[in-house]
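Just below is one structure, and these are the notes that go with it.
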């Protein structure tokens, strides 16, 4: 589904990302971990054509991302608060995204109603603009908005950060469900190794912009990751 | 400590992306500053002789003092519209051990270095030299000169208050307008006693204490005003108003662009900054009154064409020049969503067209000035819809300053979107209608001028998709730069 080849990004000849090749098949739940500055957000931004690659390309469903905009209808993302429109209420925001993705009000209502648990009564019917919600609640709204319109690729940057424990657990359920039952390719980055190993079938570790590990998740993965980030390899 | 602040300031100045990218424009601005500075020096040098020639029987220093108030009035207006108030990112400084007072003194002190203060210096320094050479008493001239500089600084701090506090604005603006009106309609000439005051300032050197005291008082008011605002209180305990979703589904008839139009309407109604723009553009409607009521302009139809364009173009220009900036807070969302630039631009264009139409309907009372005037307004409206809209969108596309939507004038936020860069882009918008009207008017007649102006608008509408394509290309080319620049928080 997503084929990355010879991709690199440099700022003033400072390399921040360098991925020779990375293939993410359709329906995979893919986790990206790495310390700050490893290039996670850079990779996602390249995937969304928000920054320009220095060399190479990403193909999303055979569309070269920085050459054509045809990837947009089937791709959605929530990276940070700049994906929210602060002066809309949550409902209005969902309807707006819905309209952009060819969904009518009823479609959006039907989808959003599935997430009442996840919202925990703090998003819908609040009579508040998104800008007045807490960071955690903003994130909930943003994540659900990224699910509107049956996207085939969903990109979530640090979805677990700022969420309360209950919501973190519910989010894990949602992500697993999407990848397993609905065949959605889902890309997640996180600093929380436990969550990522729980949710993702495959985990890639980035370090200074390079892929240093590419693991199929199994019972030993968490240990291996912890050892890696503690600075020692497993024996 | 001050030294460190200065280095922070310098870094902020040189590292902002719009500075690095707009170097050509910066150079033009510097040239402009040199030009005006040069003019001021020249004027200062010759003013003594000019006044002597104009009023040969009066001592030039007296006549200069009589007219002095106009200079300060001009300076005040210039500042109000042009001066960018200094901003400093205070939040990170609040928790480190620096005395609040130091920060505020620095902030206020910095404004003393504004170009506008130097304008006064440039004007009065050569004049003072001329006076000294001509043998006027040294003490008087020097005290007078110092007093004028202090008064200049007074306007500096007064402007700060007016710009930052609505209370002060509502006290001072009507007062000034009232006094000017009284003077203009010859009810009471305030300039006479003020002229006397400036002359006493010259005649009695000790009176320098008055401007010094005034300056001190204004500085203290500013100081305490900023000090009061030196808390995050109102951001932390911000009152959240209950809001209701607005149903704008009737706008769905606009088809593809409906989602954007609905969003833009909410953008304007729910955010402080665009609301200000809306109010401002309403005032543009009255622009015609200045020109149509005066006989001098009756014989200068090029100016009338310009005014007619302004009557209906207020919203178009003030909103349109910031077109991608309005969406800067969530620009990344727009760029990664399923949105063609074309629809986005088209929706903004329709919004401007609707605004011009509404302004046009509201301008019907101008019929009072006769059909010719009203026909000019109509032609101006067509020009706005067909050409000005695209010029404005084009100018906007080059503008990458992020906007904080819901931030009203506050002591530490930069509220004036009106800056010289945008003035530069505005030139063709202002000169366009004048030229389009004037050439056929001179060559043929009045009607021909009108037709040319209107026709330019019609042509613009006919070639709409061509223009939109061109602007779309600019957007596409600048996409990455724009995303990056909008990512930087507005100060």
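Every residue gets a Cβ built from N, Cα and C, even glycine.
As the structure is a computational prediction, the values presented were derived from the model and not from experiment.
Listed as Cβ neighbours of the transmembrane segment (B:27-51) (distance under 8 Å, sequence separation of 6 or more from its ends, same chain) are residues 60, 63-64, 115, 118-119, 122-127, 130-131, 134, 420-421, 424. Per TrEMBL, the feature transmembrane segment maps to B:27-51 (among others).
What TrEMBL records for B:63-82 (among others) is transmembrane segment. Residues 47-48, 51, 54-55, 116, 119-120, 123, 127, 148, 151-152, 155-156, 158-159, 162-163, 176, 180, 190-191, 194-195, 198-199, 201-202, 418-420 of the same chain lie 6+ residues outside the transmembrane segment (B:63-82) yet bring a C-beta within less than 8 angstroms of a C-beta in it.
Only residues 6 or more beyond the boundaries of the transmembrane segment (B:103-132), in the same chain, are considered here, and those with a CB under 8 A from a CB of the stretch are 1-2, 5, 9, 33, 36-37, 40-41, 43-45, 47-48, 61, 64, 71, 75, 78-79, 82-83, 85-86, 88, 90, 93, 138, 141-142, 145, 148-149, 152-153, 155-157, 160, 219, 222-223, 226-227, 230. Look at TrEMBL and you will find B:103-132 (among others) tagged as transmembrane segment.
As annotated by TrEMBL, transmembrane segment applies to B:138-161 (among others).
Taken from TrEMBL, the feature transmembrane segment covers B:168-189 (among others).
Look at TrEMBL and you will find B:201-219 (among others) tagged as transmembrane segment.
The annotation transmembrane segment is assigned in TrEMBL to B:277-294 (among others).
If you look up TrEMBL, you'll see B:300-323 (among others) marked as transmembrane segment.
Look at TrEMBL and you will find B:349-368 (among others) tagged as transmembrane segment. Using a Cβ-Cβ cut-off under 8 Å and counting only residues 6 or more beyond its ends in the same chain, the transmembrane segment (B:349-368) has close neighbours at 254, 257, 261, 264, 281, 284-285, 288, 292, 311-316, 319-320, 374, 377-378, 381, 384-385, 389-390, 392-393, 464, 468.
Under the heading transmembrane segment, TrEMBL lists B:374-398 (among others). If one looks beyond the transmembrane segment (B:374-398) by at least 6 residues along the same chain, the residues whose Cβ comes under 8 Å of a Cβ in the stretch are 288, 301, 304-305, 308-313, 316-317, 320-325, 345, 348-349, 352-353, 356-357, 359-360, 363-364, 366-367, 422, 425-426, 428-429, 432-433, 436-437, 450-451, 453-454, 456-461, 464, 467-468, 470-471, 474-475, 478.
The transmembrane segment annotation in TrEMBL covers B:418-440 (among others).
Sequence annotations record features per position, and here TrEMBL assigns transmembrane segment to B:446-467 (among others).
Listed by sequence, the residues of this chain that lie at least six past the ends of the transmembrane segment (B:201-219) yet keep a Cβ under 8 A from its Cβ atoms are 61, 65, 108, 139-141, 143-144, 146-147, 150-151, 153-154, 157-158, 161.
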